[in-house]
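Novice: Here it is: the structure, laid out below.
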Amino acid sequence: MRFKQLHTSSLCLLPNRTRIHAQSAAPPRRNTSDFIKSPTSKPLPQPRIKKVTDSDIVKCSIAITAHMRNGQCDLALRLFNSMPRKTTVSYNTMISGMLFRGTRYCPGAPNGLVDEARRVFHLMPEKNEISWNGILAAYVQNGRIEEARRLFESKERWSVVSWNCLMSGYLKKKRLEEARQIFDRMPVRDAVSWNTMITCYAQNGRMEEARKLFEKSPIRDVFTWTAMVSGYVQSKNMNLAGELFEAMPCRNVSSWNTMITGYAQSGDIACARNLFDRMPHRDCISWAAIIAGYAQNGDSEEALRMFIEMKRDGERLNRSAFTCVLSTCADIAAFELGKQIHGRVVKAGYEFGCYVGNALLAMYCRCGSIDEAYNVFKRIKDKDVVSWNTIIIGYARHGFGEEALKHFESMKRACIQPDEVTMVGVLSACSHTGLVERGRYYFNSMSQEYGIVANSKHYTCMIDLLGRAGRLDDAQNLMRSMPFEPDAATWGALLGASRIHGNTLLGEKAAEMIFALEPWNSGMYVLLSNLYASSGRWVDVRKMRSKMRDTGVNKIPGYSWVEVQNNIHTFSVGETNHAESDRIYAFLEELDLRMKRDGYVSATKLVLHDVEEEEKQHMLKCHSEKLAVAYGIMKIPSGRPVRVFKNLRVCEDCHTAIKHIAKIVGRLIILRDPNRFHHFKDGLCNCGDYW
């Protein structure tokens, strides 16, 4: 409404209306005697000529700027053309609006606005430095570096700002040599000139050239020093980075954060923490850097503790901090803490963003709550390929293969191009649910439909799919057709299939290849031992133990954990150190009696020791996952799922036992091992005993 009033009140905005001038709007001719007869009559007022004042020009400029900000580019241009008098300021306002506001607010290609601005520029009767720099910057920002260079060469003298602008244009195009030529030609260089060139060399790993310029630079401010430190950090040269950092005459928060991130990424978390404690002032990036450092170096508990300290310190939680701590919760399956952090994410307004939303999605998937993961997925506004991959892989790992494939089809309908990770998730979904033909279809369509070249992970998924389905010959034929040598994971899939189907000969062949590639892989020794034990070949089981001792391979101890009231309770086989061990074992004995009445029979053939049957039953009863499940049932309120996590593959006996337990106590029990999730309910598992 304000602009409408401006149109009707300012003469300069009414080009199509008749203006009142003495020559064109003279009053009707009258006889001079009329004035004599009427001495009291006053002469008619003479028309006034409306002059265009500086105030009118300012109003027009303000209106042009407002129209551009509101995306009304055409209206702004018509208003500009209607101005009866234009100053240099008027031209610069229009050019500036087209170049810097038009590209943001107006629909259409930015290059079209640049061309319009150039036409206005050429109409200017008098150009000043702002005009020239505006057009030059527009060419640079739109990547039209050749036109920028021609414009630059058409004028003899330019300011240092103009030289810097052209140089940055070449640097954005990664044309470092031409940028250096511009830098060397500059008659005058300021701090921006030196810092821009040094930073670009450092960011591209050319630290020798960066160091030479750094030594020559007459102007070394905190940004110059930080650029060099950052370059050495990116080059993984923490020794030189540390020396330069300690020599800095002054440091800002950014330089401290750069060093903390560098030490953390190189695995030296102690030095990172030392610097963090020495900082005179910290910001949210500092906290996020140290939290990420602990998380990436496997110290999840310290990462969470630092997150709590960050809140106590009153620092605003940013996206990076939320993402790091959510990833940490996913790593240790801290479901309750993850839900609490989700609440803080909602309060901070980050829930619908793709960056934090993907971290939330991954946390729920890996903590065993696929339903809440899906709810988060629906609320992410701009889903990227990571969002789709996470939900597809999440459904696949939870054993809901059909749901995973439905989301894959939805992903294609949303015009999101699948990548290599997507196809690993799709093939895994087929493998976990035995969808052999669909798996073959997706595998064959990878290169034809999506241009994805199958890698070792895709072949491993297919060999696992065929092997689990009992098609061992097809699995071996596919392995022979691979365009590269099989790795340990591929042979491991074949060994796993051999164990499932009792093919000892093929299992021995696969194990031999694995031991040649990874002699320290204790998991493969255990798989082969299981295969021997299930066949009653106890001599070979003992030989495998001797071989492990001779090669110095230690079996990874199995343990399980369950979260109760924000505390993680960990159990190993035959655990007796827990404060409530007596109650747990008493409860297990009660469950064992009820399970046997329900038809449960111990799978004693899985025990890798040649001992009496009764001793085997006792050993199976003390498995870590059973202890964790029992404790979870005792402590977690009825109606809520019991989520248990194990570092090794769940054994067949525990899988069978937990199906009976879920039926007896009427609870949903979710168990995660390194391969997948099992959802036990009403005496059944969603894997259908196919895992």
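Cβ atoms here come from the backbone N, Cα and C positions, even for glycine.
Residues annotated as compositional bias 'Polar residues' in TrEMBL: 33-43. For 599-691, the entry in TrEMBL reads domain 'DYW'. The region 'Disordered' annotation in TrEMBL covers 21-48. The repeat 'PPR' annotation in TrEMBL covers 128-158, 159-193, 221-251, 252-282, 283-317, 384-418.
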Novice: Residues of the same chain, at least six outside the repeat 'PPR' (283-317), with any C-beta under 8 angstroms of its C-beta?
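Specialist: For the repeat 'PPR' (283-317), the nonlocal Cβ contacts are 253, 256-257, 260-261, 263-265, 267, 269, 272-273, 276, 324-325, 327-329, 331-332, 334, 337, 344, 348.
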Novice: The repeat 'PPR' (384-418): which same-chain residues, six or more beyond its ends, come within Cβ distance under 8 Å?
Specialist: 354, 357-358, 361-362, 364-366, 368, 370, 373-374, 377, 424-426, 428-430, 432-433, 435, 438, 450, 452, 675-679, 686-687, 691
Novice: If you run through the repeat 'PPR' (159-193) with DSSP, how many residues end up as helix, strand and coil?
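Specialist: Taking the repeat 'PPR' (159-193) as a whole: 26 helix, 0 strand, 9 coil.
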Novice: Average the per-residue pLDDT over the domain 'DYW' (599-691) and send me the rounded value.
Specialist: 83
Novice: Looking only at the repeat 'PPR' (252-282), what are its DSSP counts of helix, strand and coil residues?
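Specialist: Secondary-structure composition of the repeat 'PPR' (252-282): 23 helix, 0 strand, 8 coil.
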Novice: Just to be sure I understand, if DSSP states are collapsed into helix, strand and coil, how many residues of the repeat 'PPR' (221-251) fall in each?
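Specialist: DSSP composition of the repeat 'PPR' (221-251): 23 helix, 0 strand, 8 coil.
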